[in-house]
Amino acid sequence: MSIQTELFGKLPHNKSAYLYTIKNINGMFIKVSNYGALLTSLVVKNLQGQYKDIVLGYDNLEDYFDNSPLFGAIVGRNINRISNAQFEIDGHIYNLIKNRGIHNIHSDKEHGFHKVLWKTTFLDENSISFSYFSPDQEQNFPGNLSVNVTYTLTNSNALIISIRAISDKTTLINISNHNYFNLSGHDSGDILNTELLINSNFFTPVDEYTIPTGEIRSVLKTPFDFTYSHKIKNDIFKNYSQLKIANGFDHNFVLNNPHIGLRKIAQAKNSNEGISMDVYSDSIGLQFYTGNNLSKIKGKNNVIYDKYSGFCLEPQYFPNSINTDNFEKPIFNPNEEFKTTVIYQFT
């Protein structure tokens, strides 16, 4: 196992972005970049012995300059929604960019963590780390924030993404990845035949702007019951108001057994391909998104990504938790470390 480096392209001011390939003894490999700490490829072997790239993305660096769907992105400082694009800490109100009507989504999609050049550190032959310094008031968040993202590929076919961050001021930190998966291959069409299990008995319903209302609702007798494994297509088209609001799934699930560290939170599999992905995380919430807003996007190998071409499983704090009294808040004191790990284990 070793890490291979290649030039990905040039940024403004002639700075270079690189692609790094980590390959294990089984032939599985990932490609990541110091631009945005992006995951651009995740290649696994299927039942027929074919290698499949199972994440959506682009071939060229220039396409990631826009990347409105956030393919492969590390999203920060806050992933997901914040109502009215503002929050309060210690009596001070912080106003964010309004990029979803009067609300905010994913902090700043034009100048976020996925649009900056990160410092690269090679940890060993199967692990690479990216670090970024986000100055006080960047994206209008308080505090100088030091962020570190580490990608590790094991010989047991596990992709581990570890995120650490620390600030010199009390601040909001809720960073996660926004990878889109398609276990049949990124070029195979929709993900509706994917079989999914989520270890969650409750979800957080949303309003017309897909912001959680504060209610925590049981998944029982709803299309959100993924406590048993079944195909996404079995539920996504049901006549249920929450599905109509989002044109599919774009909701936070309240994960079982919070605050015990890493545990299995989900499983996705495609029986035809013989590819199964177990997801482990230490987070309290999981955003499940079925690519409802994808529309005629030219991706890798000139493949057109459309509605339901990929799904996201994003471990995180609950959306808009900073403004919701009964949700655990992602507020961190000076020098208090934010840390989270997600493992995607393939069998």
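Keep in mind that glycine also has a Cβ here, set from the backbone N, Cα and C atoms.
The beta-D-galactose binding site annotation in TrEMBL covers Asn80, Arg81, His178, Asn179, Tyr180, Asp250. DSSP assigns Arg81 (beta-D-galactose binding site) to a strand.
Feature annotation from TrEMBL assigns active site, proton donor to His178. In this structure, His178 (beta-D-galactose binding site) is part of a beta strand by DSSP. Counting only residues at least six positions away in the same chain, the Cβ atoms of Leu70, Phe71, Gly72, Ala73, Ile74, Val75, Ile79, His106, His114, Cys312, Glu314 sit under 8 Å from the Cβ of His178 (beta-D-galactose binding site).
Classification of Glu314 (active site, proton acceptor) by DSSP places it within a strand. The active site, proton acceptor feature in TrEMBL is assigned to Glu314.
Binding-site extent for beta-D-galactose: residues Asn80, Arg81, His178, Asn179, Tyr180, Asp250, maximum pairwise Cα distance 18 Å (rounded to the nearest whole number). The Cβ of Tyr180 (beta-D-galactose binding site) has 27 other Cβ atoms within 10 Å, all protein chains considered.
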